[in-house]
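Visitor: My questions all concern the structure below.
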Amino acid sequence: MQLWDKNMKTTEVVFEAVLPVLKLLSMALIGLLLSHPKIQMIPKPTLRLLSKLVFFLFWPCLIFTHLGPVISVKKFIQWWFVPINVVISTAVGSVLGFFVALICRPPPEFFRLTVIMTAFGNTGNIPLAVVSSVCHNEDNPFGGTCYDGIAYAGFSQWVSVVLVYTLIYHMMEPPLEYYEVVEEGTEIEELTDLPTGNENDLSTPLLIEAEWTGIEDQRTEHCQTPLVATIFNSISDVSQSNIPDIESIREMPSSPRSYGCLAEPKVVRKIRIVVERTPINQILQPPLTATVLAIVIGIIPQIKATVFGSDAPLDFITDSLAMISNGMVPAVMLVLGGMLWEGPNESKLGLRTTIGIVVARLLILPLAGIGIIYLADKWNCLIADDSMYRFVLLMQYATPSAILLGAIASLRGYAVGEASALLFWQHVFGLVSISVYIFIYFKLLVTLF
């Protein structure tokens, strides 16, 4: 599918690139104005409720109704580069984040945060909102297959969630040195200041629950301890006494591992402990459940024929879900507007590091993404003649850091204010950078790919 005419004027390309972002910006401004303290038409509790509707209803419905009808076994194989691209963008972002940390020299306890906030982008609601906005007009540049972009973006959800709940979850644990300082007389006071599931704490930033509603209910006694560092580093018995008992998960003597002839190697045991403390049970959140369900139904022709299509017996249910999904983009942007009105939290990260992360994430990484997608196209890794496919892949490099990182920071009790401040500034400047890169992507899709 060819994008536009190569002779199209630059001003027309600029208009088509800026228009989708202007639509999203308008909705965000409405949310910002309506959440103003002097107006309070949408107070903070209402925004939290709206965020829950997005997480549990609008977002899953959007993925299910757009991914299910187009997915098949053949396309499941053809789309292999979509999840791989998420991993590549995270890896390249990690390298950039490492250099940002070396150059900008953040406080030692925020070195890992600098890497993470540069590496992991928003592959969920922001790409879905941009694609939906682009495709809203009938004369959109991608034609009748434009909404396939929602399917492409939804297809990448599973790898993003797996990365967050495994790799990112453990990378966001409190640094061991910081934990040892806290535990010397101030640990209890520090932990009790954190929001808990039993509090109705409206002072908690909206972004903490924007992509993981009800996060406070997921806290356990082990969430805010440096588990990996505790296990893989030799620390004093005094320090270990204040950290949740790792020995408690040893098997009973009746377990085969406890016999001398079948003794479990220490390294294997340490890895097993970390795996057992990883919140795998939290992976199947509603958006991912919708993704899996759409894939399963879509690749089985007999079931697909009863659920999707105008002649399907259950088409009325699918249509109902599609109507519900139409509220996803407006709701997301209203919540984003309310989040921006809160302003940035206090941060100890430093201005130089904050600027370094924003520049690396929003300006440098998209440039690297262009090179990666160009090479993938030349090596025949991408679907031929599908501009929307390439556009979604490019967008995975251009989005701000995932809002979910703010939720993980809150869950782990690590750099909550710093993560919130970084997310705020990235989303503010992201409105401009995304507009610029959409224009660049449109021009490249016409002339280069």
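Note that Cβ sites are derived from N, Cα and C of the backbone, with glycine treated the same way.
Marked as transmembrane segment by TrEMBL: 13-34, 46-67, 79-103, 110-130, 150-169, 320-341, 353-376, 388-409, 421-442.
Help me see these features in their spatial surroundings.
Guide: Long-range neighbours of the transmembrane segment (13-34) within the same chain, counting only residues 6 or more positions beyond its ends whose Cβ lies under 8 Å from a Cβ of the stretch, are 4, 41-42, 47, 129-130, 133-134, 136-137, 141, 329-330, 333-338, 340-341, 431, 434-435, 438-439, 441-443, 446.
Outside the transmembrane segment (46-67), and at least 6 residues removed from its termini, the chain residues within Cβ reach (under 8 Å) are 31, 35, 124-125, 128, 132, 147-148, 150-151, 154-155, 157, 206, 209-214, 285-287, 289-291, 293-295, 298, 318, 321-322, 324-325, 327-328, 331-332, 334-335, 338-339.
Remote same-chain residues near the transmembrane segment (79-103) are listed as 111, 114-121, 123, 152, 155-156, 158-160, 163, 353, 356-357, 360-361, 364-365, 368-369, 372-373, 376, 381-383, 392-393, 396-397 (criterion: CB distance under 8 Å, separation of at least six residues from the stretch ends).
Using a Cβ-Cβ cut-off under 8 Å and counting only residues 6 or more beyond its ends in the same chain, the transmembrane segment (110-130) has close neighbours at 20-21, 24, 54, 59, 62-63, 86, 89-91, 93-94, 96-98, 100-101, 104, 150, 153-154, 156-157, 160, 163-164, 168, 171-172, 175, 211, 287, 328-329, 332-333, 348-349, 353, 356-357, 360-361, 365, 392, 395-405, 409, 414-415, 418-419, 422, 430, 434, 438.
Long-range contacts of the transmembrane segment (150-169) within the same chain: residues 62-63, 66-67, 70-71, 79, 82-83, 85-87, 90, 116, 120, 123-124, 127-128, 131-132, 135, 278-280, 282-283, 285, 287-288, 290-292, 294-295, 388-389, 392-393, 395-396, 402, 404-405, 408, 412, each at least 6 residues beyond the stretch ends and with a Cβ under 8 Å from a Cβ of the stretch.
Remote same-chain residues near the transmembrane segment (421-442) are listed as 3-4, 13-14, 16-18, 20-21, 24-25, 28, 117, 126, 130, 134, 141, 207, 336, 339-340, 342-347, 349, 354, 357-358, 361-363, 366, 370, 391, 394-395, 398-401, 403, 405-406 (criterion: CB distance under 8 Å, separation of at least six residues from the stretch ends).
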Visitor: Determine which residues of the chain contact the transmembrane segment (320-341) at the Cβ level, with the cut-off under 8 Å and only residues 6 or more beyond its ends counted.
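Guide: Contacts with the transmembrane segment (320-341): 24, 27-36, 42, 44, 47, 50-51, 53-54, 57-59, 61-62, 64-66, 125, 128-129, 132-133, 205-207, 210, 424, 427-428.
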Visitor: What else in the chain is close to the transmembrane segment (353-376), if you only count residues 6 or more beyond its ends and a Cβ gap under 8 Å?
Guide: 81, 85, 88-89, 92-93, 96-97, 99-101, 103-106, 110, 114, 117-118, 121, 347, 382, 390, 393-394, 396-398, 400-401, 421-422, 425-426, 429-430, 433, 437, 440, 444, 448-449
